[in-house]
Amino acid sequence: MSSLRPEEARKLATAASVSPLSNCQFCGVVISSIADEQKLEFTNKYKGSCTLLCSYDSQGVVLRVVSDDDRSHVLKEYMIAADTDAAQMGRRSYAVSLDADNLVLRFASEQDQQLFRKVVENVKHLRPKSVFSQRTEESSASQYFQFYGYLSQQQNMMQDYVRTSTYQRAILGNAVDFQDKIVLDVGAGSGILSFFAVQAGAAKVYAIEASNMAQYAQQLVESNNVQHKISVIPGKIEEIELPEKVDVIISEPMGYMLYNERMLETYLHARKWLKPQGKMYPTHGDLHIAPFSDESLYSEQYNKANFWYQSAFHGVDLTTLHKEGMKEYFRQPIVDTFDIRICMAKSVRHVCDFLNDKEDDLHLISIPLEFHILQTGICHGLAFWFDVEFSGSSQNVWLSTSPTAPLTHWYQVRCLLPMPIFIKQGQTLTGRVLLEANRRQSYDVTIDLHIEGTLISSSNTLDLKNPYFRYTGAPVQAPPGTSTQSPSEQYWTQVDTQGSRNSSSMLNGGISVNGIGEGMDITHGLMHPH
């Protein structure tokens, strides 16, 4: 995590206890061991003075001891937890029991000792479980924050040109909403959105980040010389305190199928810091749902499950697990992209209003479905994608993950039915999608579909936490049977047309390239080099 400058850390801690598990560093600390508790005799544990690096951790605060002369080498690492024994000794010293060591820390100043005492007290007097902790398994949270603590993962998102450029355009295109305003960046990651807010004229940005990425965000802030504008605060928005209300909240809280990772609840929770009539970027999200037909995808998953249908695999009968194998494969949502022509009806749109919806509204999301079928075929399941809108004072900007829009790192998601249903053009397909939040920062997705006027129905429950990432980078193929004329003749007609243009071009001094294109006449450059 980021280590704030001592003066900044003191200011934040004194003003409003910005983070209950503050991140800071202390230089010039002399560390002694208690050699004899009866006589209170001390011996220096390390040669010379040390620097203490305190960093946020889900269990408390990690205390790293490094030499003042060589900070690249960690001498010792301790964990300050709620049950850590500690006590003040005079004005500049602090006694603390860490692991098997009974230590006395003598700080360079009274202010440093007071700040360290506050760090310890904040850990020892942790608030009751936050909303985030109540809804999230500890193992899931640990894995989640570890994942987003990697620079490579931040790079993956930042290099999503559609995502990053749309955010920048939405913010800079509505500079009136940011000029001289106080901004909160929720789940800031590398801090890229905070930088966009500063580019738009923000007076102050509080960048909240709970993963180790906070330390890299702080480095970027300092190297770009905007530390007077951006304050990186390590911690969860559900647990930290801000010194003031904000005018705008910015965040990128969308997951697969919009709701995965349950970051949207954190985004809505952040509204407690939003001033009346404040702005949220993005402002609302639309989840689109449509029935699709894709025999290739269905067969692919079905055939995988048939591995367990072997009765003599190296002499072992696997068939008893075939049913469970089938269930497991069809519980996986498919993350990839597709040609929208596989969709059999216009998509149903479910809206999430980030300005007004409550966190509780996202615990159980029930979406009624009614599709008027446009083409006869086999419905293999439902396809999902989302759009979000940035409603600004100057302009509205949309970020889309539709199969008709440029591809993003969210792709699209498809949920298969183990038992597909045949449906005809003109029929009505009704049903419901139920998204039930779980403590693994995801949802259990239940699909129920029924053809009106018949007894035909199909259903499935999927685990959004465990998707199958199918995207390979290959071009999206058109659905079978969509060609209305001979593709071969169409191609040769195009070549013939191109050839006619080439002939005309050659008469006008152009050069044919590979027989199908026009090149620039470079003979002049070859004969008369500069």
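Quick reminder: no glycine exception, Cβ is built from N, Cα and C everywhere.
As given in Swiss-Prot:
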| type | residues | note |
| --- | --- | --- |
| DOMAIN | 141-450 | domain 'SAM-dependent MTase PRMT-type' |
| BINDING | Gln154, Arg163, Gly187, Glu209, Glu238, Thr266 | S-adenosyl-L-methionine binding site |
| MOD_RES | Arg501 | asymmetric dimethylarginine |
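In this entry, S-adenosyl-L-methionine is bound by Gln154, Arg163, Gly187, Glu209, Glu238, Thr266, whose most widely separated C-alpha atoms sit 26 angstrom apart.
Reduced to three states, the DSSP call for Glu209 (S-adenosyl-L-methionine binding site) is strand. Using a 10 Å radius centred on the Cβ of Glu238 (S-adenosyl-L-methionine binding site) and all shown protein chains, the other Cβ atoms total 22.
Close to Gly187 (S-adenosyl-L-methionine binding site) in the fold, though at least 6 residues off in sequence, lie Ile208, Glu209, Ala210, Ile237, Ser251, Glu252, Pro253, Met263, Thr266, Tyr267, each with a CB less than 8 Å from its CB. Mean predicted confidence for the domain 'SAM-dependent MTase PRMT-type' (141-450): the pLDDT average there is 97. Classification of Arg163 (S-adenosyl-L-methionine binding site) by DSSP places it within a helix. A 10 Å cutoff on Cβ-Cβ distances gives Thr266 (S-adenosyl-L-methionine binding site) a total of 22 other Cβ atoms nearby, all chains included. The number of other Cβ atoms within 10 Å of the Cβ belonging to Gln154 (S-adenosyl-L-methionine binding site), over all protein chains shown, comes to 19. When each of the binding-site residues Arg163, Glu209 is scored by how many other Cβ atoms sit within 10 Å of its Cβ, Arg163 comes out lowest.
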